[in-house]
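Engineer: Okay, here's the structure, questions in a sec.
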Amino acid sequence: LRACEGREPRPRGARGGACPRAVPGYRCRGPAAVAAAMVKETIRVYARVKPLGRRQQAGSYSVDDEEPLPSLEITVPRDLADGFINNKRESYKFKFQKIFGQEAKQDVIFDSIAKPVAECVLAGYNGTIFAYGQTGSGKTFTITGGAERYSDRGIIPRTLSYIFDQLQKDSSKVYTTHVSYLEIYNECGYDLLDPRHEASKMEDLPKVTIMEDSDQNIHLKNLSLQQATNEEEALNLLFLGDTNRMIAETPMNQASSRSHCIFTIHISSKEPGSATIRHSKLHLVDLAGSERVAKTGIGGHLLTEAKYINLSLHYLEQVIIALAEKNRSHIPYRNSMMTSVLRDSLGGNCMTTMIATLAMDKRSIDESISTCRFAQRVALIKNEAVLNEEIDPTLMIVQLQKEIQDLKYELALVTGKQRTSELSQEELLQLDELIETFLEDSDPDSSLDVGADMRKIKYCFAHMKQIINCPMTPGKQLLSQDTSEEQNSNKEAGEELEKLKGLLQQRDNEINILVTMLKKEKKKARDALSQLNATSAGSTVLEQSPSMSLEERQSPSRCSSLKEAKDLSSSIPRLPFLSRETGGKMSLGCQEAFEVFKRDHADSITIEDNKQLLKQR
């Protein structure tokens, strides 16, 4: 699913694909295999034979790799002692996906068994790898590894190294990795990554309890999830858990695991900008070994541990047998804690692989046959692995908040409650975009959805009315509007210029006329002033005569000339007198303007009449 962009488990009898990067046991299918939402397959079963010790005698067995599936044949010679007839079966033949001999290295085990499952987990499927066998057959060495050499690393450290290496190479997604380590000891669960584990007794630690939801999903209370951002942190957590694990020396094994341990890697992946998150988990299970108390001869505390171990393995076998039967309605998962935790791995949403560890010495041959029989039952179980995708919870919260707001708007619309607040600028821009998209859409069935807010509905109607009254697209309308405004402004500027030119010419003409008039009036004023001075001198002489009537009688011509002078003085404007009254500061042009003002005034006739009346008096 990673190296060659998609692999599918190869059915029995099929040959491998031509892809040079294909993992053994898988054939390349391209990207289509990655997109498959469900993978149905039986549990894949492998066998690994433990090398013999120095003092152990080899049992009789043979491996046949030429058949479509490799087979392991174990021969048990009959016991003919005491002359009794023995019809016991001598030969037992079992088939596996692959059989690894005594010389198989740890890296070969990982590449053939664990690597395909790890690739499926990176693609979003759940995976489980568990080792089953009698005590001392190499389960812990296969799953965890040995401590003497670096090359003896087991499946768990190699899987961690491979997963983090692939996550570092893939930059198209954002990955989050967590680790948990559960120990089931005497049917009680404990968190091996609890920091109080080393400082306290196991009985004093909080126990991990199983809780089940309405969808029958298992949740483990008091089991911590430790985030691991790189391989080093994950390995440190693994070593911490292995340090806290319960082991003891037994006649069969110097460091026998007295508990079942489940190391789980949780991976979450999300593409940037995507709303879906993929969750997957990989269970790496190291089961405690089954043992026959009659052979080992243990007692006391070790005997109690052996009872619980054999009981839990018995319940595991019951679940396996129930799953293999077609018409079985009830599967006894709840009988033990281990089967409850591994519910998905056994007949559920998981891609499961089993490793049967076999000790082929004469003393353990019966237990090896029992392990092979168990493996054959496991191989009949079918799992349905589903791609684990879900909506991002943060995006779901935003979506639900928007839905609540829409329902509030709809409720306000139904109840008639009016909203008084104005729409924000952002909402107005969004409505404009919706209206523009709606108008440009040629689909007659398209709709304009603005929710149940009456403010938005009214705004949309007003905006649509404005667009209908000006039937242009917004871009063209703005362009034509700008062009027309520019033309109108140019035209108005030209008209204003012509008007100003005409007004300037008119003012020039008026100034010329006024200048000519001023010159004429100035000349008239000078003439009138000289005549007035002469007349005033004559009148002074006349005033000095004692009797007017006598002179008038004596010289009528002189009297007439005096009357004419008076009339002339009354008709001539009194500009010099005005000039004297104002202190001589008023110019000749101002005087002219003042006389024009008096002549054009509405009461000028009345003033003239009063002046004539005063003159007569």
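Backbone N, Cα and C define each Cβ position, glycine as well.
These numbers come from a predicted model, not from an experiment.
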Engineer: Quick one: which of 398-443, 444-489, 490-535 does TrEMBL have down as coiled coil?
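Structural biologist: Result: 490-535 is the stretch TrEMBL calls coiled coil.
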Engineer: Tell me which of the binding-site residues Gln134, Thr135, Ser137 sits in the most Cβ-dense spot, judged by other Cβ atoms within 10 Å.
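Structural biologist: Neighbour-count leader: Ser137.
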Engineer: Would you pick out, from the binding-site residues Gly133, Gly136, Gly138, the residue whose Cβ has the largest number of other Cβ atoms within 10 Å?
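Structural biologist: Of the binding-site residues Gly133, Gly136, Gly138, the most buried by Cβ count within 10 Å is Gly133.
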Engineer: Among all protein chains shown, how many Cβ atoms are found within 10 Å of the Cβ of Lys139 (ATP binding site), not counting that one?
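Structural biologist: Excluding its own Cβ, the number within 10 Å is 26.
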